[in-house]
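First comes the structure, then the notes that go with it.
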Amino acid sequence: MEAPDQLVTLAALLAAAGLTAGFMAGLLGIGGGIIMTPVLYTVFGLTEVDPAIRMHAALATSLAIIVPTAISSVRAHHARGAVDVALVRGWVAPLFVGGLAGAGLATALASDALVILFASFAALMAVRMLLPAKPPAVARRVPTGPAGMVAPTLIGGLAAMMGIGGAVFTVPYLALFSVPVHRAVGTAAFTGLVVSLIAALGYIAGGLLHGPVPPYSLGFVNLPALAIVAPLSVAAAPWGAKVAHRLSRRQLSVLFGLFLAASSIRLFSTL
């Protein structure tokens, strides 16, 4: 059992991560999972969660935290008219399918495989955030119909496997079709809500079927971590959304990229 001072330190780490994740959720439309997952993985290591399911628990708990955070972020962006409701309605079904499939596949993978997957993704995203170049638009309208369902299905699947809401895929994808950045961010917050809800339920079911999980867990979701982080993340999301509509995001993108690079190195070092 951890000493009281260690428990306080771990709680403070989770609280700080929750505030940061919530702020970034509002600022960039992300669910905060790219921040929370490496922090949760580290905390679960310090609390001696079984290494065989440690990454599963981090991904599942991250997704559960994203749900209320995304709701807060969506409300803030919707109030500013920055959510494409029509597009979101058309994406719900493929996001559902992709999210459920991604959670199911992740549950079946070894923890080390998930660490490699997430750390590699974090490294790629760090490079993208640090580079100033923007991809050129390829069309003026987002694809619809059967062809338009491919992207949200893939976004849902990849996001669920990596414990994120998927905005890191959604925002650049929408940018390819001339969607204004603030509208892309607000819409990504909504799609992240759909993915995180479905994927979190998938991880809960997977954990219940898996067998023994850490104490105070629902499936692979760690309830104490959820209780500490979620309220703070929700509180910080509107602040991030407010800043997003006022300031340039370049400096924050650089800081975010450096954080991702450090997280990637840290995760690779645990293998």
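Backbone N, Cα and C define each Cβ position, glycine as well.
Per TrEMBL, the features are:
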TRANSMEM  12-44  transmembrane segment
TRANSMEM  56-74  transmembrane segment
TRANSMEM  86-106  transmembrane segment
TRANSMEM  113-131  transmembrane segment
TRANSMEM  151-176  transmembrane segment
TRANSMEM  188-209  transmembrane segment
TRANSMEM  221-240  transmembrane segment
TRANSMEM  252-269  transmembrane segment
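Within the same chain, residues 54-55, 57-59, 61-63, 65-66, 69-70, 72-73, 76-77, 115, 118, 122, 125, 159, 162-168, 170-171, 184-189, 192-193, 195-196, 214, 222, 225, 228-244, 249, 252, 256, 259-260, 263, 266-267, 270 sit at least 6 positions outside the transmembrane segment (12-44) and bring their C-beta atoms closer than 8 Å to a C-beta of that stretch. Remote same-chain partners of the transmembrane segment (188-209), defined as residues 6 or more beyond its termini with a Cβ less than 8 Å from a stretch Cβ, comprise 25-26, 29-31, 33, 53, 56-57, 59-60, 63-64, 66-67, 70-71, 73-74, 77-78, 83, 85, 88, 91-92, 95-96, 98-100, 102-104, 106-107, 152, 155-156, 159-160, 164-167, 170-171, 174, 217-221. When Cβ-Cβ distances below 8 Å are used as the criterion, the transmembrane segment (113-131) is approached by residues 34, 37-38, 41, 55-56, 59, 106, 161-163, 168, 172, 253-254, 256-258, 260-261, 263-264, 267-268, 270-271 of the same chain, each at least six residues removed from its ends. Long-range contacts of the transmembrane segment (56-74) within the same chain: residues 18, 21-22, 25-26, 29, 31-33, 36-38, 40-41, 44, 49, 83, 106-107, 111, 114, 118, 160-165, 186, 189-190, 192-193, 196-197, 199-200, 203-204, 206-207, 210, 213-214, 217, 219-222, 225-226, 229-231, 233-235, 237-238, 240-241, each at least 6 residues beyond the stretch ends and with a Cβ under 8 Å from a Cβ of the stretch.
Within the chain, the transmembrane segment (86-106) has long-range Cβ neighbours (under 8 A, six or more residues past its boundaries) at 56, 59, 114, 142, 144, 148-150, 152-161, 166, 187, 190-191, 194-196, 198-203, 206. Same-chain residues lying 6+ beyond the ends of the transmembrane segment (221-240) with a Cβ under 8 Å from its Cβ atoms: 11, 14-15, 17-28, 32, 36, 40, 43-44, 49, 57, 60-61, 64-65, 68-69, 71-73, 75-76, 200, 203-204, 207, 214. A Cβ distance under 8 Å defines the sequence-distant neighbours of the transmembrane segment (151-176), meaning residues of its chain 6+ beyond its ends; these are 25, 28-34, 36-37, 58-60, 62-63, 66, 70, 91, 94-103, 105-106, 114, 117-118, 121, 125, 128, 134-135, 137-139, 142-143, 183-185, 187-189, 191-196, 198-199, 202.
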